[in-house]
């Protein structure tokens with residue numbers, strides 16, 4: 001899986017709930033997963049482009065009864081800006097992790113792969129995400145960014161422009177404490193954020209982007225769930241599927257299709 005580098009200008013300032021508009025095209029592996037309803041397509045989840053014809057998203061984003069397309073190189077979903085690529089998805093090309101159970105989000109395995117019906121054209125606005133090595137665990141407080149078109153606050157509106165928010169990693173030792181997520185969080189997950197900024201509905205499936213030593217970014221998480229008490233509840237960080245726990249499954253799935 002190729003490595004993803006945003007342009008240097010994409011490193012966000014230190015200042016998605018209580019996030020801010022992203023710099024346009026600064027997260028060029030971010031995709032919008034859209035489903036068809038009454039003849040038009042609607043944003044439902046995020047995702048990350050990990051090969052020219054493969055996207056990783058969350059298992060809970062996929063319903064076998066729906067028709068999907070993926071929009072790449074998008075910034076403002078409401079406006080045609082030029083670099084967008086919209087690629088249809090064939091129904092047989094949705095690969096949800098075999099152990100995903102939508103009745104048990106806390107059981108983990110909330111990850112899916114989507115094969116595009118044609119390869120994306122890579123360029124400034126569309127690039128491949130870099131994935132971490134298998135088993136890689138981020139230290140506490142690693143300054144990662146969630147990106148997505150999720151609700152701006154609990155039950156709030158969906159934004160048109162891609163949002164980003166700084167979510168420091170909360171390590172498993174802290175996140176699994178009884179008054180945090182307790183046993184709901186598993187070692188195959190990553191927690192990030194706290195109470196002020198968080199993921200929200202619509203960010204699901206999108207990336208947790210974490211800095212690398214050489215100035216690039218790696219997608220360490222696939223946005224999975226937030227607290228039912230609200231998107232920015234204290235001691236309930238946003239929870240992500242830990243990508244480094246699923247590298248083997250990702251590579252095997254791509255190789256066999």
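Any Cβ shown, glycine's included, is placed from N, Cα and C.
Feature annotation from Swiss-Prot assigns domain 'Peptidase S1' to 16-255.
Close to residue 38 (N-linked glycosylation site) in the fold, though at least 6 residues off in sequence, lies no residue with a CB less than 8 Å from its CB. Residue 38 (N-linked glycosylation site) carries neither a helix nor a strand DSSP state and counts as coil. Among the features that Swiss-Prot reports, N-linked glycosylation site is placed at 38, with the record citing sequence analysis.
Sequence-distant neighbours of residue 61 (disulfide bond) (same chain, 6+ apart, CB under 8 A from its CB) are 33, 44, 45, 47, 112, 204, 205. Residue 61 (disulfide bond) falls within a helix when secondary structure is assigned with DSSP. Under the heading disulfide bond, Swiss-Prot lists 45-61 (among others), citing sequence analysis as support.
Here Swiss-Prot flags 60 (among others) as active site, charge relay system, drawing on similarity to another entry.
What Swiss-Prot lists as disulfide bond is 104-107 (among others), and the listing cites sequence analysis. Applying an 8 A CB threshold to same-chain residues 6 or more apart, the list for residue 104 (disulfide bond) is empty. Residue 104 (disulfide bond) falls outside any helix or strand according to DSSP and counts as coil.
Marked as active site, charge relay system by Swiss-Prot: 110 (among others). Take the CB of residue 110 (active site, charge relay system) and look out to 10 A: across all protein chains shown you find 31 other CB atoms.
Under the DSSP three-state reduction, residue 210 (disulfide bond) is assigned to strand. Under the heading disulfide bond, Swiss-Prot lists 144-210 (among others), citing sequence analysis as support.
The annotation disulfide bond is assigned in Swiss-Prot to 175-191 (among others). Around residue 191 (disulfide bond), a 10 Å sphere centred on its CB holds 26 further CB atoms from the protein chains shown.
For residue 200 (disulfide bond), applying a Cβ distance below 8 Å and a minimum sequence separation of six or more within one chain yields 16, 17, 150, 151, 152, 153, 154, 156, 226, 231, 232. Mapped onto three states, the DSSP output places residue 200 (disulfide bond) in coil. Residues or ranges marked as disulfide bond in Swiss-Prot: 200-231 (among others).
Marked as active site, charge relay system by Swiss-Prot on the basis of similarity to another entry: 204 (among others).
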Sequence-ordered list of residues in the chain of residue 144 (disulfide bond) that lie 6 or more positions away and have a Cβ within less than 8 Å of its Cβ, or none, is 138, 166, 167, 168, 169, 192, 208, 209, 210, 211, 220, 221
Students should find that the Cα atoms of residue 110 (active site, charge relay system) and residue 191 (disulfide bond) sit apart, in Å rounded to an integer, by 14
Cβ contacts within 10 Å for residue 45 (disulfide bond), all chains included, total 27
Reading the DSSP string in three states, the entry for residue 144 (disulfide bond) is strand
